[in-house]
Every structure is written in C-alpha cells, then in structure tokens.
Amino acid sequence: MNWNDVLDHSRNPATPDTRVEKTDAEWKALLTPEQYRVTRQHGTERAFTGEYCEAHAPGIYACVCCGTPLFDSTTKFESGTGWPSFTEPVQDNVIRYKRDTSYGMDRVEVLCNICDAHLGHVFPDGPRPSGLRFCINSASLRKTESGDGDTETKEKVLETATVGGGCFWCIEAYLEQLRGVESVVSGYAGGSTERPTYEQVCGGGTGHAEVVQVRFDPRALSYADLLKVFFIMHNPTTLNRQGADVGTQYRSVVLTENEEQAATAQAVMQELQPYFEKPIVTEVQPLQAFYPAEAHHQGYYRTNPQRAYCQSVINPKLAKMREYFKGHLKTQGA
Ligand SMILES: [Zn+2]
C-alpha cells in the first residue's frame, strides 16, 4: 500500500466485510466522552496525551467503537508527533479514506470502514516501504493481546549505530532530527586509550575519533538510510579533516556492531561515491569500545544555540538537512 492507493481509495472506497451502525444515543452510551468526541464528532486528542502514544508492546489495535482490528503493533513507529503512528492497516478494506479540506488544509481523513468512527489522518511522509504515516488518535483505538512490558520490547527492537565525521556537536544535532532516532550520545571511539578526556582526544594522541552513538528503531529508520544522511551531511572525502578541524580525531569513520552493518556501510559508500568528486575515505571498522563524552558536550546544540559555532556551522547544516531529508524528519501533524 502506498500514497497512490490512498488517493485511489478516497475516490473508490473499498467495500467492508461487514457494517456496524448505531444511533448517536447508542454510541454515547457505549463510549467515554473523549472517545465519543473523537470518533463520532471528528475530534482530535491533544498531542502526547493519548494512552497509546508511547506504547510499543505487541498487540492489535482495534476500533474502539466496533472492535474491528485496524492496526498491528508491528507497523507502529515512533513519529515524534505525539499521536500513535502506523505505516499500514491490517487489511485494505477496514479503513475508509476521505479528502478533508477543513481548517484550510488539504488532508486525507481515515475512518473505520465498518462503523464510520473518525480515527485520524494519513500523510505521505511515513517510513518505507509504504511511505505512509497513519496518524491516529489513541481515543479511537482499543489495544488487545498485549505482550511483555513496553520498555523491554522496545529495547529489544532498537539498534545501535556509531559514526564519526568531525565535531560531534554537529553530527549529534542533525542525527537527532531523524524520525526513528531514540537517542544520540556524543563520545569517543576507535582508539586505544581507556576512558579518554576531551582534552586528550583533542590532543590527537589517543587514536580516538569524536563520534556519536545512535539508538534507533529500524522499523522507522533503516541503518542504510541513517548512514546516507551521515554521508551527505559531512564531507567523507577529506582525510583526517572536517572543514577547519584537522587531526585524526576528526576522521570520517563508521564503527560497526556486526558483519551485516559493515556490509551495509560498504554498499552505501559504493552507492554514494558517484555523488562525490573525490574518493570517499571513510574508515569502516568494528566498534571495540565507546566512551561517552563529558556531560557538557551532550546536546551541545540544544543547550547552546546562541553560540557562534552553532550559528555559523550547525545552523546551515540543519537547514540543508531539512531541505534534503524532509521525509525522514520528526514531524508535527494531527
Ligand atoms: Zn469501527
């Protein structure tokens, strides 16, 4: 299913397997006031307030009104919008799509095809393969078949990527904009000194590079896509140098968790080489140890946006990022 299918369905609705119809009074008696307001009166719950916003445990999300299964937790992803987000419904004909031009916007509303409950909207900026983001109100859903605790399941799903491409303040600032990224930690890796300090690393004698370690949800962002953003956002063709920063601590490096990541890194470099005038000199090596940097280096851009470095070096990078990778960024919506 993709955006063209959504537009098709909005013109030619799919026939549901069954229908559930009730009077307004019956729905009112069945639902809580908030569920009634959202589903029967096309309401929107406030962002980040819904019960299922942060839920990632396995299960099926059914229509709160009629109980029809609508979404599977395996298609749920962290969109950063404050509403539960899914890439596709469990079955084509359980959702009805309706062009919605209210509030001066041109959107596609999604409704339960069985009982006409308003669920939310669908947008063409979701992760692949569908490229869709079903932005759904928690109040429209009832979750069934829950499994283990949320945190445990989520932890199992997350993957780690470690990359270095010059000053970590920069890389951290742009990678944390990506949808699917749960955390970015600045640190040191690739050298031999244990628990190095910033001053030691800057001295150049430790062998370490300034790197960031990213925890991400591969259901929302693939390792290959994360690397592509990394390669486009820094210069991988200058040996031991990034802009004005010179030294092995500023080398371009991908530190891999396993053979699969190493193979993906090589493939991405090959794919992107034609876009660079000079050869890509990025090192790909297994990660031995990662040492988080001192606290004041973490989230540097977020805590020091007024500093000259942030204004002159990081801001232009973020602008470039927003232009190139619009579809991959954490977005707002309803
Ligand atoms: Zn329904």
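The backbone N, Cα and C atoms fix where each Cβ goes, and this holds for glycine too.
Here TrEMBL flags 1-11 as compositional bias 'Basic and acidic residues'. What TrEMBL lists as region 'Disordered' is 1-21. The domain 'MsrB' annotation in TrEMBL covers 24-146. Annotation source TrEMBL lists Zn(2+) binding site at Cys63, Cys66, Cys112, Cys115. Residues annotated as active site, nucleophile in TrEMBL: Cys135. Annotation comment: TrEMBL describes Cys167 as active site.
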What's the CA-CA gap between Cys112 (Zn(2+) binding site) and the residue listed as 'active site, nucleophile' in angstrom, rounded?
14
Using the recorded Zn(2+) site (Cys63, Cys66, Cys112, Cys115) as reference, state which further residues of the same chain have their Cβ within 8 Å of the centre of those residues' Cβ atoms, listed in sequence order.
Val20, Thr39, Val64, Cys65, Gly67, Thr68, Leu70, Asn113, Ile114, Asp116, Ala117
Length of the line joining the Cα atoms of Cys115 (Zn(2+) binding site) and Cys135 (active site, nucleophile), in Å:
19
DSSP-derived structure type at Cys63 (Zn(2+) binding site), helix or strand or else coil:
strand
Among the recorded positions Cys63, Cys66, Cys167, report those whose Cα falls within 10 Å of that of Cys135 (active site, nucleophile); none is a fine answer.
none
Neighbouring C-beta atoms (10 Å sphere around the C-beta of Cys63 (Zn(2+) binding site)):
25
Lowest local Cβ density (other Cβ within 10 Å) among recorded positions: Cys66, Cys112, Cys135, Cys167:
Cys66
Determine the Cβ neighbour count for Cys115 (Zn(2+) binding site): the number of other Cβ atoms within 10 Å of its Cβ.
21
Quick one: Cα separation, Cys167 (active site) versus Cys63 (Zn(2+) binding site), in Å?
48
According to DSSP, which of helix, strand or coil covers Cys112 (Zn(2+) binding site)?
strand
